[in-house]
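Colleague: Structure incoming, see below.
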Number of protein chains: 2
Amino acid sequence: MIKQVLTISLLAGVMFAPIYVFAANEPIQPIKVVVPEKPEVAELGKMLFFDPRLSRSGFISCNSCHNLSMGGTDNIKTSIGHKWQQGPINAPTVLNSGMNLAQFWDGRAKDLKEQAGGPIANPGEMASTHELAVKVIASMPQYVAKFKQAFGTDAVNIDRITTAIAAFEETLVTPGSRFDQWLEGDKGVLNQHEIEGYELFKSSGCTQCHNGPAVGGTSYQKMGVVHPYITRNPAVGRMDITGKEQDKYVFKVPTLRNVELTYPYFHDGEAATLEKAVEVMGKIQLDLDFNQKEIASIVAFLKTLTGKQPEFNLPILPPSNNATPQPQPF
Amino acid sequence: MIKQVLTISLLAGVMFAPIYVFAANEPIQPIKVVVPEKPEVAELGKMLFFDPRLSRSGFISCNSCHNLSMGGTDNIKTSIGHKWQQGPINAPTVLNSGMNLAQFWDGRAKDLKEQAGGPIANPGEMASTHELAVKVIASMPQYVAKFKQAFGTDAVNIDRITTAIAAFEETLVTPGSRFDQWLEGDKGVLNQHEIEGYELFKSSGCTQCHNGPAVGGTSYQKMGVVHPYITRNPAVGRMDITGKEQDKYVFKVPTLRNVELTYPYFHDGEAATLEKAVEVMGKIQLDLDFNQKEIASIVAFLKTLTGKQPEFNLPILPPSNNATPQPQPF
């Protein structure tokens, strides 16, 4: 990130240098706009992201649980899957998710492309299969034309479907938050209460994990470093991947960007409010008992992390035709 | 409609008059763009249309079953409701629905505003109550500000919520179809096969019911005029409203605009393809046995009715806050 900042400073000339040097000294850096390398691939990915025909029922799309009208989440404790199955874990936001070191709470997918294939074929989520999803998409000539535009040939396969979805997701960044404006030198944009919150956020140790441009997403940490986290949710985190006892309850640190929009909090969705989340984190991770005033100031700071939400036209999808496998909702 | 056409002809001057006179002689008239009287009301309505918090679960929005990426329908036989309940009837498209003489298949809502209140409080659909929906929306200051902008004062109530949703829905028209271009004088835009289909559509009597700008939506008709329609779907149509035996199986004639996008067909969704729908309609309504070639030409005509789909930015919704009633998905 720092390398990127310096490059931009050089390009922008000496005039802007002090601003970026300032930002580079902070544990949090501004979010940068992502310009997709291949816009046709991202554009196709947007259509697929909104297409409920990737699910067996024809009712659930990526956007159902990562709703881009609502901070890239579903805002419920754990998600609703095929036939209203209750999901095991809170849906993380897709916003700025390209900055995560890996995907899912336990990091079991190495990148967005690998992640995108998961829910499609998960019987508890979209309940399709990769084979069926490919058959559905490949049946529509309008989609096939888009694949040809995006990839050069008209082959439709799960590799290309997930590549396109990931390319769209990479663009879902939220620059321009008030905090980023402040980082970039506009000192009047935060009030004293918010700045105090940020100072407390740093001095308390929150930035040990919640740092970088995404204010998280860059490491795995135990949920309950100092005191155990009490929950009925059976998820054990990284242990499922590594098999190691020491990875029990170790999860990917979530991004705090747009955290005002991504309630409820934690992998189990059990913290309904930011106040509760800050209180619990302070206690179990840092052994701190924040008082109400401290909590309020940290929450005020966290709300400055809400950025400009991705703005785009709702995609219009090609119609199914007589060759398209029909949805099986019931 | 004819009155409107003449007015426009007068306004547009003599030059365009022949085109409109031509269109006025056809049983189908072009779709006109709708400019909302109060854009702030329609804009608020768009947000509400996409807001899943109008449902008890926080998961189902108007757009879930009237998906504007997919012709304003869900493209499944009968809709999925709260906790995956199977709906009783096929979701009609919201596109051009402002032209319907009434709403729902049985016309039980006199207009879009009355319709909009139905699914919100229907235990089998969004499963909320008007009281809860109002409480949810009124809890968000950003929404309250929009209500003030739209209606002059900051009161949030179900009357205003449904007024706004209806105002947005009124804008969801689809002008510019190839058929409309043809109607307006661009004779080269349809091929011979499509024109033959239209001629057959007229000469067979389809336009007795499917007429006007929406190619339907202007009358109630019995499903099974000549031969009974066999279905396991228990809906009896208008009889539920009027109590009269003669209204058994009488439904609102659906619009055929964008019919290529609004599969599957009929109130029970049992016709998966346009070919099947045309065949069945010919038989039970008109006592005609269309052959494959005739069916193909009518279908080719019907596909020229696909218009320009409404284009707009996906709305960004205000976040819930600590005062917002929480969703109850499970």
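Backbone N, Cα and C atoms are what each Cβ position is placed from, and that goes for glycine too.
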Colleague: Per TrEMBL, what member of B:Met140, B:Met223, B:Met239, B:Met281 joins B:Cys206, B:Cys209, B:His210 in binding heme c 2 at one site?
Modeller: B:Met281
Colleague: Mind checking how the domain 'Cytochrome c' (B:192-306) divides into helix, strand and coil residues in DSSP?
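Modeller: Breakdown, helix to coil: 49 helix, 9 strand, 57 coil.
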Colleague: For the recorded heme c 2 site formed by B:Cys206, B:Cys209, B:His210, B:Met281, name the remaining residues of the chain with Cβ within 8 Å of the site's Cβ center, in chain order.
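Modeller: Going along the sequence, the neighbours appear as B:Phe201, B:Gly205, B:Thr207, B:Gln208, B:Gly216, B:Val253, B:Leu256, B:Gln285.
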Colleague: Could you tell me which of these binding-site residues, B:His66, B:His82, B:His210, has the greatest number of Cβ atoms within 10 Å of its own Cβ?
Modeller: B:His210
Colleague: State the count of C-beta atoms found within 10 angstroms of the C-beta of B:Cys62 (heme c 1 binding site), not counting that atom itself.
Modeller: 26
Colleague: As a test of the contact definition, list every same-chain residue at least 6 positions from B:Cys65 (heme c 1 binding site) whose Cβ is closer than 8 Å to its Cβ.
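Modeller: In sequence order, the residues whose Cβ lies under 8 Å from that of B:Cys65 (heme c 1 binding site) (at least 6 apart) are B:Thr73, B:Asp74, B:Ser79, B:Ile80, B:Gly87, B:Ala91, B:Pro119, B:Glu125.
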Colleague: What are the sequence-distant neighbours of B:Cys209 (heme c 2 binding site), meaning same chain, six or more residues apart, C-beta distance under 8 angstroms?
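Modeller: Long-range Cβ contacts: B:Gly216, B:Ser219, B:Gln221, B:Val253, B:Gln285.
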